[in-house]
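Asks: My questions all concern the structure below.
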Amino acid sequence: MPARFGKTLIPQPRSRFIKVRCPDCGNEQVTFSHAAMVVRCLVCGRVLAQPTGGKARLAGHVIKVLE
């Protein structure tokens, strides 16, 4: 590979871990952005994320995207 191309590009994953706050009780918990199962709040049991075949549909508020 010629020197003018520089570094080899490595694809980064589009999925992330995210911290979500429950709108009912205020509990914060970490979930996966592409969750394949229903994610419920550990305190009150409300559904925070529903799978859609791609990215999960979030019902809570995203606080932080973890790297």
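Backbone N, Cα and C atoms are what each Cβ position is placed from, and that goes for glycine too.
Sharing the record's features from Swiss-Prot:
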{"type": "BINDING", "residues": "C22, C25, C41, C44", "note": "Zn(2+) binding site"}
{"type": "ZN_FING", "residues": "22-44", "note": "zinc finger"}
Asks: Would you find the one among the binding-site residues C41, C44 whose Cβ has the most company, meaning other Cβ atoms within 10 Å?
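Replies: Per the Cβ count within 10 Å, the most buried is C41.
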Asks: Could you break down the residues of the zinc finger (22-44) into DSSP helix, strand and coil, giving a count for each?
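Replies: Tallying H, G and I as helix, E and B as strand, the rest coil: 0 helix, 7 strand, 16 coil.
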Asks: Which has the fewest other Cβ atoms within 10 Å: C22, C25, the binding-site residues listed?
Replies: C25
Asks: Hey, for the Zn(2+) site built from C22, C25, C41, C44, who else sits with CB inside 8 A of the CB center?
Replies: P23, D24, G26, N27, L42, V43, G45, R46, L48
Asks: How does the model score the zinc finger (22-44) in terms of mean pLDDT?
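Replies: That region's mean pLDDT is 95.
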